[in-house]
Amino acid sequence: MAACGRVRLFLLIVSVSFCVCRSAGDKIPNGNANPLPNRQPHPAVAQYPAAGNAGPGAAVSQSRRAAGWKLAEEEACREDLTRLCPKHTWNNNLAVLECLQDRKEDTEIAPACNHLLWNYKFNLTTDPKFESVAVEVCKTTIPEDIHSQGEVIACLEKGLVNEAEEQSQRYVIKDECKKAILRVAELSSDDFHLDRYLYFSCRDDRERFCENTQAGEGRVYKCLFNHKFEEAMSEKCRDALTTRQKLIAQDYKVSYSLAKACKADLRKYRCNMDTNLPRAREARLSYLLLCLESAVHRGRTVSGECQGEMLDYRRMLMEDFSLSPEIVLHCRGEIESHCSGLHRKGRTLHCLMRVGRGDKGVVDDLCQRSLQTLIQEADPGSDYRIDRALNEACESVIQTACKHIRSGDPMILSCLMEHLYTEKMVEDCEHRLLELQYFISRDWKLDPILYRKCQGDAARLCHTHSWNETSEMMPPGAVFSCLYRHAYRTEEQGRRLSRDCKVEVQRILHQRALDVKLDPDLQKRCMTDLGKWCSEKTDPGQELECLQDHLEDLGQDCRDVVGNLTELESEDIQIEALLIRACEPVIQSHCHEVADNQIDSGDLMECLIQNKHQKEMNEKCAVGVTHFQLVQMKDFRFSYKFKMACKEDVLKLCPNIKKKVDVVICLSTTVRNDTLQDAKEQRVALKCRKQLRVEELEMSEDIRLEPELYDACKQDISRLCPNVAFGNAQCLKQNKNSELMDPKCKQMITKRQITQNTGKIFSVRRHCMGQRIPNKMYTSRGRLINYRLNPVLRKACKADIPKFCQNILNKASDGNELEGQVIACLKLKYADQRLSMDCEDQIRVILQESALDYRLDPQLQMHCTEEISRLCAEEAAAQEQTGQVEECLKVNLLKIKHDSCKKEVLNILKESKADIFVDPVLHTACALDIKHHCAAILPGRGRQMSCLMEALGDKRVRLQPECKKRLQDRIDMWSYAAKVAPAEGFSDLAMQVMISPSKNYILFMIALCVCVLFMVGLLCGRITKRVTRELKDR
């Protein structure tokens, strides 16, 4: 098709130049132009009142016009022309028309002059000279026998539109011609009768849809625009309306109502006076909208009439993608591939948004940018009604879930996001909402509430531009990333956000947690990893959980952004909106106080963990809380309270360690060593030690929180703890001595127990009917099996253990339980009264505990299992912690067949000599006698036992029958023990004498024997060895 060359517009006036068209780049002479035959006015034109009563304008004949007729010479307009228009424009009819057309909005113009101008514009398109200009441009469009009015103007307008949409050499129209075409469209903007092609195309539709709409001031145009996508609208009228709307997109003055309503605001905010921009861009509808929207978002006053007109045209842009030439040009491939047949009511635009999200394939970068630009121009975030597709899809949700919010309020979109994935949300609304939010999330300015509350903070901290300015140096989402980094800074770090801005940042974070695609930085950096690891995770929230689960496998950029987001969640778990919804019953029952706090600081998640086993905890919440705990183990930074309490200690004592499990072990080891070595000052701060205790307790309750231990013990869990829903760590520790347990698992459990017992006895909690109670038997058993699990004992006996039990230590390693051997060694030395005072006190406590329950004596349980089953089955089945099983073994000592078991029972008897408290049956029977006869005797070292033995031998003292019987039994047992277990050495013999009830008698007899030997030696020694004098003198 030929291109339009220099076109000189002589619109019925000799002095006005008309456009000259060039075909294939060559200028066509006027003489060679083939003007269309002159047409007779359409009957409808004569019927129009203004045309029938032409007045001064109608009196002007065709011959007079051809002879050089001028508007300035007409009497009807001379006064207004002299008053309003510069003198140098009087000889140019088009300049006069422009002047009077622009000024009549501000001042009164004589009715006769107005009538003359209207007729001039009405007859403008019928001039044969004007029609000849478009012959080459429209020769393939206009048939030679064309008879309809305004076809030439319509052809020129379509050519102008096609050039913008094609941007190729197929349509090349000179700037002068473009301006003339747009100016003609502007002149016909107030009355649709002046656009002859649109008038004849839409006559029937006007009667159908806009019968009661009065002509003038663009009212009929607006009415027809509103009904463009009605089913009853004819295609010819719809096409003519679309062309008209595309011209408005190129020049806002083609819309009379918009230009009139916003004229003062455009002048006030200098929206058409930017000298750095070409005039063509200033006239674009998008530039006007961005400029005025910027003023509104900055809190400036824009007239209500202008805002109403802007709302109409923003809705128009969202309804019909073809009004944006950039989208038509750059998204043609996507439209043909994915969105054909969805043109009406914004469906094609939402289809393109869905493609842009990546739900239907990959979108071209230019198309993506065009969509983003259109969303900024239309600004649907400020009023959801601008997006007709969204409005229709979400109407039912808005009426039920958001009815408390005023219609058109920006908070409607936030309300819809809050109800995403809830029962009130419908599927179609969910799709439309996510498609729109995808683009809003990529430009923080498109959320009007966020922009209003944070524009000052963004300018101060993030160096942002004004609302309608963008910077290619700042990628999508960069400003919001800057804001949320400052939102969670401490006061020491300085430069924090204002309170109102922080609230809005938290609101946006809560919304973005619902879908990873709403976080532009996360989606950009993790696109490859999402496809690699999480392609099957399509349910809400699963993609982020999947990335967190594969944190170690992610690329560095993705790992950093996922890590930062997880660290942020640890401080404010309410960002995880889906988790908070699932945990609502628990929060309301147990955590409502911390949930209402403006500053979370990890308190809410800590509360959820503490109440993880309450009856209000549902499965979804429990799974979510456990998942977050597992994620926390990947990096100590993911536990906000632990990070804040121990950050300095970690950097100083455990550098280059990130995994939380390893950090906890490192710090626990440091605390343990400082405790055992009596360090003057603990290297780990007190606040860190307290938080360390919390972390250890949490880790002890679920073995999955220790990944290495969990991997080593998976089979043991299924074998030994198949029905344990939680607390697998406790179950494994309780079954640690089972023959079925794998040695590697057993060794790792022992190591963990040794590490976890730092400054005081490690207390393991279990759960019963939702209530936490301490398992004392299990706790004591752990300390008795392995002395390293009892740091207090280790500290008290640090000198005694190497002195008396070194041979046992030489055979041990860090992972071995020692099966209570060291404790048994110390017990024997306690009976021999050879321990230090501190160590003796600790062993006494252990003896008292183990005497009540044989299961707390690992050596006894290990060697006497068969004997207990055979001789004491009834007592063992009762499981009463009163020492009845030990008493049964003592009574049946003669019936015990296994020597190892018999030796353990004899050791118990030996220990009971040293302290009556370790013999609970005897102590219970003799409690009153001890109180009456031995109250002044200190316990320990066999003193109270000796007191009772003396009372038993004293005929003047009457003991309780039960006590007397038990004592006599003990004497018989000790006598038998002395026979079957003679002293192993002189030290044992001496010790047995010292602890014997007949100690004084034995010592007296020994002393008597020594004295007799001495006297015999004194008297008889010289006789047995006499020496002669001769030998002495030698």
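Backbone N, Cα and C define each Cβ position, glycine as well.
Ranges compared are 30-59, 60-89, 210-239, 690-719, and TrEMBL records region 'Disordered' for 30-59.
Of the candidate ranges 172-232, 424-491, 496-555, 616-675, 834-897, 424-491 has the most C-beta pairs within less than 8 angstroms of the repeat 'Cys-rich GLG1' (301-360). Of the candidate ranges 172-232, 616-675, 683-740, 834-897, 616-675 contributes the most Cβ pairs within a distance under 8 Å of the repeat 'Cys-rich GLG1' (496-555). Helix, strand and coil content of the repeat 'Cys-rich GLG1' (172-232), in residues and according to DSSP, is 37 helix, 1 strand, 23 coil. The repeat 'Cys-rich GLG1' (616-675): residue composition by secondary structure is 47 helix, 0 strand, 13 coil, according to DSSP. Taken together, the residues in the repeat 'Cys-rich GLG1' (172-232) have a mean pLDDT of 87 on the 0 to 100 scale. With DSSP classes pooled into helix, strand and coil, the tally for the repeat 'Cys-rich GLG1' (834-897) is 50 helix, 0 strand, 14 coil.
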